[in-house]
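Below is one structure, written out as structure tokens; the observations come after it.
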């Protein structure tokens, strides 16, 4: 299995992300303040301009609504720089995707060490230091406690507190491989396990956009797998590739606070995922599919209209899309910007038929 970044000794926090970039000031962040309008979470952009079409369809108001992007803002599509330029104006918050971190790593090596930029990162030659800093400060998770939701690029491992989630898993995992407690770790090395030693500190900072955030940070070593132990004695290894086995992590997510419902991306092959307590929003826009948003009502309206939401928040129980009154809205890609990779596969192209199946509003 591929191993990213460098590792420090046991019990020590890494100084770098899995792709070798400096850690953001806040690794696990919290949206603050929450504006009085809607909460809008948008799937993987990959440098596609459909974000502007989608926000126009939603009549998005930056001064009133809350916009969160699930990461992979850049790479593959033609509008990476245009999107980075627009994020502050849109007052968008975002979490870090693996492509965001990889692009930043390549840019830093080019600027600081004179290494040539790989062709897939050639667009970043025109990225400004301020835009690179935006990528550098993207957190790995972003919670919205008032709604009981969390946003992560790839996934979370059940049984591991949010602040102890492994950085690699947060932006690379797709599957969980279960195995018996006390047995082999399925190819992992115990990274991110609930009983593993981790270093945690409290800090305050800002997201890569103009939104202010604060929470505790947690760091862990970076590998291609991550394991956890759950209260039931089961253990999971987080893996990325289907050939490594396991099943999609989202149906296994128990809705543990503060992530009573999770919104995520990174999985274009599975397209729109509707697990009980997690929603996958990567519908393959860059591959010719769609760009999808989960739209939640303003908090005041949600409290008034959803007894299930109020009860779940009071009891700390998992939240469903019905509790949250989620509306799924998609716009089709204008074209195929990038051929599907080996994970996304041809099924991601023309994904419109999938997202429309359960109340998704498709804009044509």
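Note that Cβ sites are derived from N, Cα and C of the backbone, with glycine treated the same way.
What TrEMBL annotates here:
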- 181-191: compositional bias 'Gly residues' (COMPBIAS)
- 192-231: compositional bias 'Low complexity' (COMPBIAS)
- 38-177: domain 'Calcineurin-like phosphoesterase' (DOMAIN)
- 181-241: region 'Disordered' (REGION)
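Taking the domain 'Calcineurin-like phosphoesterase' (38-177) as a whole, pLDDT averages 97 in the prediction.
With DSSP states grouped into helix (H, G, I), strand (E, B) and coil, the domain 'Calcineurin-like phosphoesterase' (38-177) comes out at 60 helix, 22 strand, 58 coil.
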